[in-house]
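Student: Okay, handing you the structure first.
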Amino acid sequence: MIWHVQNENFILDSTRIFMKAFHLLLFHGSFIFPECILIFGLILLLMIDSTSDQKDIPWLYFISSTSLVMSITALLFRWREEPMISFSGNFQTNNFNEIFQFLILLCSTLCIPLSVEYIECTEMAITEFLLFVLTATLGGMFLCGANDSITIFVAPECFSLCSYLLSGYTKRDVRSNEATTKYLLMGGASSSILVHGFSWLYGSSGGEIELQEIVNGLINTQMYNSPGISIALIFITVGIGFKLSPAPFHQWTPDVYEGSPTPVVAFLSVTSKVAASAPATRIFDIPFYFSSNEWHLLLEILAILSMILGNLIAITQTSMKRMLAYSSIGQIGYVIIGIIVGDSNDGYASMITYMLFYISMNLGTFARIVLFGLRTGTDNIRDYAGLYTKDPFLALSSALCLLSLGGLPPLAGFFGKLHLFWCGWQAGLYFLVSIGLLTSVVSIYYYLKIIKLLMTGRKQEITPHVRNYRRSPLRSNNSIELSMIVCVIASTIPGISMNPIIAIAQDTLF
């Protein structure tokens, strides 16, 4: 009898939960339609994997890519609509958030072709890999639209948990296991620090969790200049710092880049920074509106340390992936300049434009690392010597992406940095921009050093890896080369038409 009553209560509770979820989707589903497409894609992947055999593997890639492209399309159709707040204030839809969601979807769409041949060669489980990538993308999209402290804490956990699993996907590799352990420990510590900072905001604002309501609560309680807000600022900056990985919160980055599967590194190198930048800009601008001088100073210190340490340490690296890890630390220093400038002087527009170019430059470089690693089994920088003699297309594509990362004209990276630094200069960040210019020159040195190795024709300098280099049949690598071509074009052509891109970003944001 007791069991029967408990069973009925369980059914009633489950029914209420289901009806509430159905009600939320019915009345708020249009606000998260791009996210719903990804959820539907995840369900399809699970259904096909559980009911089919190995012959249906191409369908898994097709469904993953199609769901991402359809999500991008839904996002573009919703462009320029009026800002909307849904799910009782937990989620906000506006042009600013949608731009970051578009960048995350673009990253994932370009990363899936990079993983096709790699997964086949390493015999990794395909379905789980695609599920983790799509779920991480979904978490990043929810993070971009988060409008309260709880969602800002929960959404990155969805992204982070999938990132931990992806970084340790090659479980037989000792380096991958070590990278996952460090990533998990550092990620868990940063999450606890972040939520502790939110607890200070919650208490100081009188129990508010929505970002704008936190500001109103701080005004009502007269706590906007209290020591508690300073403590919250420090903890939240540290928590977000571990997600963005600027110096000195970069300790996990080189090991994770070196030990994780290369397609995973390509995915994490761009999506993690885009996903963390969106809430960072909103948190600093809204709840800490009255502490702008303090957080400007904190971010300036982080930017300077990142640009100097990242680019100087990158010079000494012998592994291509570790070099790109330290390079990414320097790159986030440039992005922080745009966060500091903010709405004034087109800071956000220049930051978003540079992020768009950075995605193409970085993914193009990682596409080359994936191809070279599969054909030679190494990512040592010295082993790239003489690659031009064996594979001119791969060498030239790599050179263009590296030159664009260094910021040489007339490539996209040059114009992206130029506009970003110009916005910083107009905002009075003279010292910060000067450091950025100097460290950009330093980065050009180690990028040119790699290009020199790629183009060398001296037989005594060509390594055995390149001598034995054999191109795979075009059928097996066309997806990687297709992604590389797209990234190379995006790293070069937009530099010529920079003004229209900046104008579109400015017109969309403001």
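Just so you know, glycine gets a Cβ as well, placed from its N, Cα and C.
Swiss-Prot feature annotations, pasted as is:
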TRANSMEM  24-44  transmembrane segment
TRANSMEM  57-77  transmembrane segment
TRANSMEM  99-119  transmembrane segment
TRANSMEM  124-144  transmembrane segment
TRANSMEM  150-170  transmembrane segment
TRANSMEM  183-203  transmembrane segment
TRANSMEM  295-315  transmembrane segment
TRANSMEM  323-343  transmembrane segment
TRANSMEM  354-374  transmembrane segment
TRANSMEM  395-415  transmembrane segment
TRANSMEM  418-438  transmembrane segment
TRANSMEM  484-504  transmembrane segment
Student: For the transmembrane segment (395-415), give me same-chain residues lying six or more residues beyond its boundaries with a C-beta closer than 8 angstroms to one of its C-beta atoms, as numbers and ranges.
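Tutor: Distant Cβ neighbours of the transmembrane segment (395-415) are 327, 331, 357-358, 360-362, 364-365, 367-368, 387-388, 440, 443-444, 447-448, 450-451, 454-455, 484-485, 487-488, 490-496, 498.
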Student: Counting only pairs at least 6 apart in sequence, do the transmembrane segment (57-77) and the transmembrane segment (124-144) share 3+ Cβ pairs under 8 Å?
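Tutor: Yes, the transmembrane segment (57-77) contacts the transmembrane segment (124-144).
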Student: Who are the long-range neighbours of the transmembrane segment (295-315) in its own chain, taking Cβ under 8 Å and residues 6 or more past its ends?
Tutor: 233-234, 237, 241, 246-250, 284, 288, 323, 326-334, 336-337, 339-340, 429, 432, 435-436, 439-440, 442-443, 445-446
Student: The transmembrane segment (323-343): which same-chain residues, six or more beyond its ends, come within Cβ distance under 8 Å?
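Tutor: Hits for the transmembrane segment (323-343): 244-247, 250, 253-254, 256-258, 265, 269, 273, 277, 280-281, 284-285, 296, 299-300, 302-307, 309-311, 313-314, 317, 350-352, 354-355, 358, 362, 365-366, 369, 381, 405, 417, 420-421, 423-424, 427, 429, 432-433, 436, 439, 443, 446, 450, 510.
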Student: Sequence-remote contacts (6 or more beyond its ends) of the transmembrane segment (418-438), Cβ cut-off under 8 Å?
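Tutor: Result: 300, 303-304, 307-308, 333-334, 337-338, 340-341, 344-347, 350-351, 353-354, 407, 498, 502.
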